[in-house]
Amino acid sequence: MFAQQLINALSLGSVYALFALGFTLIFGVLGVINLAHGAVFMVGAYAALQAVVLAELPIWAALVIAFIISGLVGLAIDILVLSPLRKRDAPHLIPMIATIGVAIMLNSAAQGLFGADTLRFPPGVVPDGSIEAGGLHITAVEIGIIALTIVIMVVLLLGLRRTSIGKALRAVAESPRAAALLGIDVEGLFRKTSFVAAALGGVAGVLISLYANAVYPLMGQPMLHKGIAVIILGGMGDIRGALIGGLFLGFAEVFAVAYIGSTMRDAVAFGLLFLILLVRPTGLFGKANERKA
Amino acid sequence: MGALLEVSGLKVNFGHVEAVKGIDFSLTEGQITTLVGANGAGKSTTLLALSGLVRKAAGQVVFGGQNITRLPSHRIVHLGLSQVAEGRAMLTKLTVRENLELGAYHRRDTDAITSDFDHVLELFPRLRERLDGYAGNLSGGEQQMLAIGRAVMARPRILLLDEPSMGLAPLIVQEIFRIIKMLNDEGLTIFLVEQNVRQALKIAHQAYVIETGEIVLQGTGEELLDHPRVLEAYLGI
């Protein structure tokens with residue numbers, strides 16, 4: 001029973017981590033708390049659902065389509081909303097408020113296009129198979145979620161450490177002005193980051209909708225709150241933090257349900273989060289007194 | 001030797017304040033040109049405008065015959081105009097090595113980058129010992145050396161230096177000025193903005209004095225060192 005909970009927690013935590021990853025990337029590089037990230041997550045789920053239902057594509061192709069479409073939505077948000085605000089030197093809170101507007105627009109658009117009802121993936125979209133071993137039950141979806149999250153994490157961490165563009169991104173994260181003086185195309189990196197972050201959010205949306213088998217316009221809202229909690233817990237803008245924070249929340253929720261009761265799930269998870277922040281106010285990987293130049 | 005950089009009628013506004021009020025100056029290839037003046041006179045603003053980091057309200061900047069007035073910052077760097085900003089713009093969470101590598105971010109000539117890397121470490125041997133440490137752990141003088149070395153890694157045609165002596169001990173200031181002179185001897189054109197008027201004028205071929213956004217004096221470094229107005233206002237004699 002305990003081992004089974006571990007696996008459930010690992011797959012749920014992986015989705016949270018994947019969602020938080022895009023969220024923390026935008027914050028780390030663009031310095032914006034993107035409250036439209038939950039809506040982008042929803043866009044990814046609908047894109048995959050349409051790809052499966054209308055175009056009858058296999059689920060891996062639907063994931064690719066969700067990646068691209070939600071990435072393009074992220075790109076559009078940067079070009080149409082964030083970039084004009086940057087050019088006008090808008091103070092910090094303004095882009096955040098603007099992304100609330102974007103989220104509302106995307107949610108309404110989804111409702112208008114697809115209705116407010118919860119939609120489901122047709123049966124057989126994901127291989128039904130599961131592994132049974134020693135009383136453990138692991139579904140194909142869970143294996144896919146965990147594997148995909150690990151691969152994406154490793155690629156991002158190595159990419160940021162080892163590649164030239166990774167170094168440039170870390171430079172922009174610390175000081176866009178210093179980066180520009182080094183000949184780094186800061187606006188270009190903002191665009192790329194917006195695309196990748198939203199694309200990861202969209203993929204997380206597909207994964208959770210497969211996991212829970214539910215797609216609905218406001219599905220990003222609870223996720224957004226969890227995402228904020230995860231990146232605050234992990235340390236704002238830190239990728240390892242998003243991973244650890246996401247896993248923590250997944251474990252807290254699953255074990256709260258298993259040993260305390262499902263109604264207490266969020267209360268226990270967020271209560272623990274609060275306790276950790278009391279001990280480490282800057283998050284697990286955040287440094288004290290960090291200020292952006 | 002013609003002008004490598006030609007600035008005419010440069011104006012910068014901050015809100016309703018005219019920080020730079022239509023100034024003209026030029027940099028001669030292979031020379032050190034300095035822009036000196038008091039705090040708030042418009043020196044840093046001028047440099048940031050050259051690098052495209054603040055908007056120019058009016059005026060034109062021509063670099064090597066090309067109009068760069070409206071180019072974005074990274075394109076200006078790619079053309080060969082590198083700036084060491086005031087306060088050194090350190091990337092404290094990157095290592096010294098990574099900072100230097102980023103200086104050559106847009107270059108693809110791997111062999112030349114390697115030789116420039118070695119050259120920078122010859123200029124600043126102290127950086128060699130700290131290559132894999134974080135830039136944030138360097139002393140102020142070392143950070144200034146890293147900032148200059150990083151700019152040199154771009155292999156610029158013009159190096160813009162914004163108050164390299166700021167906040168440094170006198171001995172370190174001497175060292176920094178010695179290096180600036182050395183880089184110039186290697187053929188690098190330098191535009192030096194300074195509050196340390198005496199030191200700057202001593203090594204400059206050409207000099208401009210800026211007061212409240214306007215250029216009020218110009219001449220060779222030597223001429224201005226003896227100019228009564230400079231003596232009175234900046235050298236305290």
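Keep in mind that glycine also has a Cβ here, set from the backbone N, Cα and C atoms.
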Of A:6-28, A:167-189, the range TrEMBL labels transmembrane segment: A:6-28
Paired segments the transmembrane segment (A:6-28) and the transmembrane segment (A:267-286) in contact, 3+ CB pairs under 8 A: no
Folded-back contacts onto the transmembrane segment (A:134-160), same chain, C-beta under 8 angstroms, at least six residues removed: 3-4, 7-8, 10-11, 14-15, 17-18, 21, 126-128, 166, 169-170, 200, 203, 207, 210-211, 239-240, 243
